[in-house]
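Participant: Before I ask anything, let me first share the structure, which is written out below as structure tokens.
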Amino acid sequence: TAAAGPGCGTPAGMMRPDDANIAGNVHGGTVLKMIEEAGAIISTRHCNSQAGERCVAVLARVERTDFLSPMCIGEVANVSAEITYTSKHSVEVQVTVLSENILTGAKKVTNKATLWYVPLSLKNVNKVVEVPAMQYARKEQEDEGRKRYEEQKLDRLETKQRNGDVIVPMVGPEPHTVGYSQSSLIHLVGPSDCTLLGFVHGGVTMKLMDEVAGIVAARHCKTNIVTASVDAINFHEKIKKGSVITISGRMTFTSNKSMEIEVFVDADPFVDEPQERYRAVSAFFTYVSLSKEGKPLPVPQLLVESEEEKRRFEEGKGRYLQTKAKRQAQLQQAAQP
């Protein structure tokens with residue numbers, strides 16, 4: 001596992017065949033799980049750095065993360081994590097993943113991610129513990145961090161409000177329709193999936209979400225597919241050990257070269273006090289289709305049928321154009337002397 005301290009990193013291990021797809025590209029979910037482990041370690045360490053109530057930091061949100069280049073079987077993942085902002089009850093962690101070819105020594109950045117953690121008391125899992133304040137090198141760092149904190153807080157609220165959707169199975173769907181590729185996976189939460197508090201690790205959930213999104217993309221394209229990016233992932237509710245979780249995915253939008261897939265996780269708690277099913281996590285994954293040589297392939301156009309599917313397609317198109325415009329602005333900024 002990846003150990004992390006302020007601004008430090010460690011190899012997370014060599015990528016094995018069971019970490020990758022049939023083309024040898026490491027699953028996006030495997031990378032997300034490594035990122036989350038590094039973030040959980042550094043934030044839990046920071047939150048217990050002063051005398052007081054012992055706690056475990058749990059994942060509340062992952063900001064949009066891009067998969068900059070594929071990692072392959074045999075490469076070593078180097079994960080480094082750094083705390084960049086603390087509020088009274090949350091910690092912002094920035095994680096970088098480097099892949100290293102140990103035969104040639106070549107290294108490349110594969111991921112950069114920003115995660116938000118909340119410390120929960122070991123004695124009372126419903127109690128959020130105060131976070132020790134961090135020291136900033138410059139006043140601007142604190143101001144920028146506070147701005148990011150307020151933005152993610154607002155986005156979490158908006159996402160929670162639109163979380164009533166369910167995926168209904170279709171009978172005899174046509175190829176390239178939403179119903180044709182939509183997929184679900186059911187998982188019983190066991191002890192190995194959980195933190196010291198008995199709740200699911202955020203990294204375990206993200207790995208399962210990526211798996212479902214990958215199935216949706218593969219069904220739609222019938223080619224080799226890889227994770228290109230993940231929009232912000234919001235963890236709305238904790239998932240307890242012994243719960244049965246249903247991870248559902250459906251395609252919402254396609255451009256010429258990419259596919260957007262909406263994934264959500266619903267939990268059915270059966271142990272202790274049974275309660276109604278609830279929405280625990282939601283996110284949008286973007287996938288691309290690759291040839292055997294690893295070159296991007298055109299994506300078949302998604303055929304939308306109902307008004308609801310048309311609405312989701314337009315919303316997805318809006319997110320796609322917004323991301324494209326941001327990327328172009330960043331490239332222009334980088335090109336300026």
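Each Cβ is built from the backbone N, Cα and C atoms, and glycine gets one as well.
In TrEMBL, annotation is done automatically, which means it is predicted and not curated.
Dumping what TrEMBL says about this protein:
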DOMAIN    5-123  domain 'HotDog ACOT-type'
ACT_SITE  N21  active site
DOMAIN    179-293  domain 'HotDog ACOT-type'
ACT_SITE  D210  active site
REGION    308-337  region 'Disordered'
COMPBIAS  308-318  compositional bias 'Basic and acidic residues'
COMPBIAS  319-337  compositional bias 'Low complexity'
Participant: Near the Cβ of D210 (active site), how many other Cβ atoms are there if near means within 10 Å?
Facilitator: 26
Participant: Near the compositional bias 'Low complexity' (319-337), which residues from the same chain, at least 6 beyond its ends, have a CB less than 8 A from one of its CBs?
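Facilitator: Contacts with the compositional bias 'Low complexity' (319-337): 64, 229, 231, 253, 255, 258, 260, 284.
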Participant: Give the sequence-ordered list of residues that share a chain with N21 (active site), lie 6 or more positions from it, and have CB atoms under 8 Å from its CB.
Facilitator: H27, G214, N224, I225, V226
Participant: Give the residue counts of the compositional bias 'Basic and acidic residues' (308-318) per reduced DSSP state, in the order helix, strand, coil.
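Facilitator: Counting residues per DSSP class in the compositional bias 'Basic and acidic residues' (308-318), I get 11 helix, 0 strand, 0 coil.
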Participant: DSSP-wise, what's the residue breakdown of the compositional bias 'Low complexity' (319-337) into helix, strand and coil?
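Facilitator: Its residues divide into 17 helix, 0 strand, 2 coil.
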